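Structure first, commentary second.
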Amino acid sequence: MLSASSHGRTPAAIRLVAAVVLLGLVLAFPALAPDPFILSVGVVIASYAALAVAWNFVGGLTGYISLGHAAYSGLGGYGTALLITEAGVNPWVSMVVAALLVGAAAVPIGIASLRVRGASFVIVSIALVLILLLVAQSWAGVTGGSNGLRVPRPFGTDVLRPEQHERFFYLFVALTLVALVLWWLIDRSRLGTGLKAIREDEDKAQALGVPTFAYKLVVFVVSAFFTAMAGGMYALWFGSLDPIFQFSILTGSYLVLMSLLGGVRSLLGPVVGAVIVGYAVEFFKNQYGDTQLHLVALGLLLALVVLFMPDGVIPWLTSQLDRFRPGGTSIREVDAAQLAEERKALEEAKR
Amino acid sequence: MSLSLLLQSLILGLLLGGLYALLAAGLTLYFGVMRVVMIAHSAFLILAAYLAWFFTKQTGLDPLLSLFITVPLFFAAGYVMQRALLSRLRPATLTMMSVLLTFAIALVIEGGLGYLFSGTQRRIQLGYSGASLELWGARIAVVKLIAFGLAAISLLALFLLLKKTRFGQALRATIQHREAAQLLGIDTDRIAGFGFGLGLATAAVGGTALALDATIYPSLHWHWIGPLMAIIVIGGLGSIPGAAIAAMILGVTQALLQIPMGTTWAQTVFYVALFATLMFRPQGFFGGRLAQRF
C-alpha cells in the first residue's frame, strides 16, 4: 500500500525528483539567505520542523494529541546543559545521552498516561509541562531558577555567529531527515498498521489482537527521544535556557498547530506546517513585537484549523478545488469487455 | 509548628477546596454532557475575575454585584459555544479536537485580556479587604470566607438543580445515556448546550470569588487548569461528588504542605496525586461507569 495521499498516486519517479529538488533547495538555503537574521529564522524553522516531526510519531500515528511535548524538549535542553556544565561531558555526547535519559523517563510517563484513553493523556501532557515549569523555576540550585541556565557553545570562539547558524541549520535538517525516515519506516511496518488501527478505532484494534498499549508506548518513547534531541540541539544553538520558554504549553501547541495544519497523516505534513507556522510566528514577532496579540492570532488560527481543516491544509485545498471539477462519479470510462481484457492481462503478468 | 498555624492552614485549605470543588464541578459537567476536556475553563475563570475587577473599577460597586452580569453572560456564552463550535466537531475525534478548540479559546481570552488590560497585576481594593476573623488563634480573612460561601451556595444550588428539577433530571439522563434520553423525548442537544452553560456559569461565580482576594493577571489561568484537571481525574472523570471530595482533600493537603515546603512545591501535590492515580487507579477514586473508558 502506498501511504494515503489524497491526490491519488503520483508516479514514483516524479516523487523522487520532487524530493531531490526539495532537499536541494533546503540545503542551498544557507547560501541563499541574504543576511544572518534570515539565516537564524531558518534555523528556528528547521528546529520546529524537527520538533513537529518528532511530535507526529504520537500525534499522527496514534491520533493521541499531546499538548505537552515542550516537556521533553525542555528536559532535553536542560539535560544537555547540565551534563556539559556539571559533568564536563562533550556537548554532542551530552545531547544524545540527555535524549536517551528523556526516552527512559518517558516510559513511566507513558505508562501512566496511555493506560486510559484520550482525555487523561491530554491532561497528563499538560500537567507534565506545568510541573516541570514549577520545578525548573524553584530548584534554583540546579536549574538556575528563573534566571535560566547558560549553555556553553559546542564550537570554538573562532566560529562566528553566521557560521554557527549555518552548521546548526544543517544539523537540524539532518535530525529532521533521520526522524522522517524512521517515521516512514514505522508507517509501513506492522507496528505502523497497528498504530493506525488504534487511531481509527482503538476498541476494534484491541479486539483484533493488536497489543495497543505496548504499541502506543513504543512510539511515545520514540517521540520523546526525538523531541529531546531537538530540544538539546536547540539549547546548544541558542546558548541559554529560560524555564518560561522551555517548559511552555505554548511551544507545545505550536507543534500541534504545525502538524495539524500540514496534515498529521502525511510524512511531510509536519514539515510543511513548521515552515508555514514558523515563518508566521517569526514574522508576527518581527512586525508586532511582543504584544499579547500573537496569542489571539495563534488561538484563532488553531481554532480555524480544528474546525475546518482537521486533516491539514493540503487535503482541505484539494477538496476546495474539487468543487470546481466535474462531480466525482463511479461511472467507468471502459466497458465490461475492455475491463475483462485488462484483468486478463494483469493475471498474465502475475504468472 | 504551632497548633494555631496548623489550624489556620487547615481552614484555609478547606476554604480553597470549596472553590476548587465548584470549578471542578463545572469541568465535570462539560465532560459529562459531551466528553469534552475543557481547557478554557480556567481562562473563563480569569475572564470573570477581570470583569469583576473592571466592574468595581468603573462603578465603584461591590464586585459581588458583577455576578448579576457575568453569570447570565457566561451561561449564554457556554450555550453558544457548545451549539456553535463544539457540536460541529466530528464525533470520532471529538475528545482530542475539543481539547484543541478549547485550548485555542483559552489563548484568545488570555491574549485578549493581556491586550486590553496589559499584563499588569490587578487587585480589587475593598473596605473589608483587610478584615479578618480570629478563631482559636487562627486568622481567617473575611474575603476568603465570602469566597467560600459563594462557592458553597453555588455548589448547593447546582446540586439541587440537578437532583430536584425536571431540567436536572433531563441533564442527568443526557449524561448517563444520550440515546436513551433522546428516546424519552429529551431534546439532548439543547440540554447539552444548557449543561455547558451551567459549567461556564460556575467559572463566572468562581472568578468573582477569586477576584475578591487574589491578585490577577492574564496568564494566571495556567496555574488553575493543572490542579483542576488533576482533581477531576482523581475524582473520576464525570463524577461531581468525586470531584468535590478530591477538591477538598487536595485543597487541604496543599495548604498543609505549604507550611514545610513553601507555596511552589506544595503545588506539585496535585501532579503527584494525578500520576499516582493514573498508575494505580486510572478510573479515579469515585468515578462510575463513565470514567472507565476515558
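Every residue gets a Cβ built from N, Cα and C, even glycine.
Nobody curates TrEMBL annotations by hand; they come from automatic prediction.
According to TrEMBL, the protein has these features:
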- B:6-29: transmembrane segment (TRANSMEM)
- B:36-55: transmembrane segment (TRANSMEM)
- B:61-81: transmembrane segment (TRANSMEM)
- B:93-116: transmembrane segment (TRANSMEM)
- B:136-162: transmembrane segment (TRANSMEM)
- B:191-212: transmembrane segment (TRANSMEM)
- B:224-250: transmembrane segment (TRANSMEM)
- B:262-280: transmembrane segment (TRANSMEM)
Are the transmembrane segment (B:136-162) and the transmembrane segment (B:262-280) close, by which I mean at least 3 Cβ pairs under 8 Å that are 6+ residues apart in sequence?
no
I'm a bit unsure how to read this: which one of B:61-81, B:93-116, B:224-250, B:262-280 has the highest number of Cβ pairs shorter than 8 Å with the transmembrane segment (B:191-212)?
B:61-81
Does the transmembrane segment (B:6-29) make contact with the transmembrane segment (B:224-250) through 3 or more Cβ pairs under 8 Å, each pair 6 or more apart in sequence?
yes
Tertiary contacts of the transmembrane segment (B:36-55) (same chain, 6+ residues out, Cβ under 8 Å):
23, 26-27, 30, 61, 63, 65-67, 69-70, 74, 77, 86, 94-95, 98-99, 102-103, 105-106, 109-110, 113, 117, 122-124, 199-200, 203-208, 210-212, 214, 216, 218, 220-222, 224-225, 228-229
Quickly jot the same-chain residues contacting the transmembrane segment (B:224-250) by Cβ under 8 Å, restricted to those at least six beyond its ends, or write none.
14, 17-18, 20-21, 23-25, 27-29, 31-32, 37, 39, 41-43, 45-46, 106, 155, 158-159, 162, 175, 267, 269-271, 273-274, 277-278, 283-288, 290-291, 294
